[in-house]
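In what follows, a single structure is set out as structure tokens and then discussed.
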Amino acid sequence: MALLLFCATAFHLGLFPPLSLPSRNTFLLYRGGFGGFGTTSTTAGSAFSFSAPANTGTTGLFGGTQNKGFGFGTGFGTTTGTSTGLGTGLGTGLGFGGFSTQQQQQTTLGGLFSQPTQAPTQSNQLINTASALSAPTLLGDERDAILAKWNQLQAFWGTGKGYFNNNIPPVEFTQENPFCRFKAVGYSCMPNNKDEDGLVVLVFNKKETDIRSQQQQLVESLHKVLGGNQTLTVNVEGIKTLPDDQTEVVIYVIERSPNGTSRRVPATTLYAHFEQTNIKTQLQQLGVTLSMTRTELSPAQIKQLLQNPPAGVDPIIWEQAKVDNPDSEKLIPVPMVGFKELLRRLKVQDQMTKQHQTRLDIISEDISELQKNQTTTMAKIAQYKRKLMDLSHRTLQVLIKQEIQRKSGYAIQADEEQLRVQLDTIQCELNAPTQFKGRLNELMSQIRMQNHFGAVRSEERYYIDADLLREIKQHLKQQQEGLSHLISIIKDDLEDIKLVEHGLNETIHIRGGVFS
């Protein structure tokens, strides 16, 4: 109670300003396909306690550091096992001669999320933080007020050390402290795989191309890490690219028994084996920087996670993040502390966008290829239909000629006579004026009339201007006069030709009489 009064008095006096809540824009949504939220490994205390836990693992996918729990941003605790080794020490337990789990010591749900008693340590740390931010007594003069403002600035940034007393060590400001301003809440997909699926994620510090080119060697190396047991088979479920030239490889192990049955090794058992010190060293030599299980959380675990805000995250922001969750069944809020975490999520988002775009390009190419194949197939079908019709006609002609040759010299049989009578009847019905032929003639006449009326209606009419029409008439009149003049000249020439011809004829007769 005294501690709460001290903090309230400090805020009331304005010794350090209140924290402003981030706007809704700071709640970043991420729908990734990782299926796991990176984990933190803590040695004491809850990962979501007020004090920052001591990190002992490598950086995780969604929250910072590796843990031995479930793969969430800031770990739930650890699960210990005394008989989960592979290779040596196997042969009892499940009857497969492999993973023995009879003596495995798994913590209960209460113990999994239980928080060790650290109230005195947390209280002292909170008192020291409040003293460094409000009333340092390092110098004993007005410079302590300047030091207090400097400590507040460091606390807001989440870095540095806050000196406040000569006899007490300084306070280490981290980004998990409640006064750090660079925080937000995003959303990550919850894994939906069961422990029986046996999926374990290994993050390699190598490019995807290198992993795929050496996939067989990688499987053999992991089999050696498992002790080289011939009853165990390592299988790769999937390979995915991560930012910073890293690659995520999802594996599972199948164990076969002497009687021919097989099963997948549970993910927790396989993960516990990978977390052994000597095994982890061998994995690191292969380039593994992080390992985690890809298993779904129980409703009780999700409830426990949502009820306790992460370290340094304001409960109001955490509650608002739960309310704004677009899909509470598939997404879960996770804290984003600092610019590095924001940059990492941005890289992951860009990587997923590129993968989606690549997949869309592949689908588009497949669709284009299918459209081309469809067009080619349709053309071939039409060609084959025409060919089939032609062959049918040719076959019918061959059958007719063959039947004629076979029946030559024979009298008409009764069935053939019946067919001839039926054909004659059909022919008469078709030729009857009131039957099909008359109807067909009527339809043909209607079609011709419609075509004629359509042609008449389609004729275009032009209207000429009066002046233009006058000019045309004048031009045609001149042409007509010219033609008339030309005709008169031709007639005169014809008369002259006749006169010349008549004169020539008389001359010929006269010469003929003289010579006679």
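A Cβ is built for glycine as well, from the same backbone N, Cα and C atoms used for every other residue.
No curator has checked TrEMBL annotations; they are predicted automatically.
Since the structure is predicted, the reported quantities are computational estimates derived from the model, not experimental observations.
Here is what TrEMBL says about this protein:
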{"type": "DOMAIN", "residues": "309-447", "note": "domain 'Nucleoporin Nup54 alpha-helical'"}
{"type": "DOMAIN", "residues": "462-500", "note": "domain 'Nup54 C-terminal interacting'"}
{"type": "SIGNAL", "residues": "1-22", "note": "signal peptide"}
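Across the domain 'Nucleoporin Nup54 alpha-helical' (309-447), DSSP assigns 109 helix, 7 strand, 23 coil.
Mean pLDDT across the domain 'Nup54 C-terminal interacting' (462-500) comes to 88 in this model.
Across the domain 'Nup54 C-terminal interacting' (462-500), DSSP assigns 35 helix, 0 strand, 4 coil.
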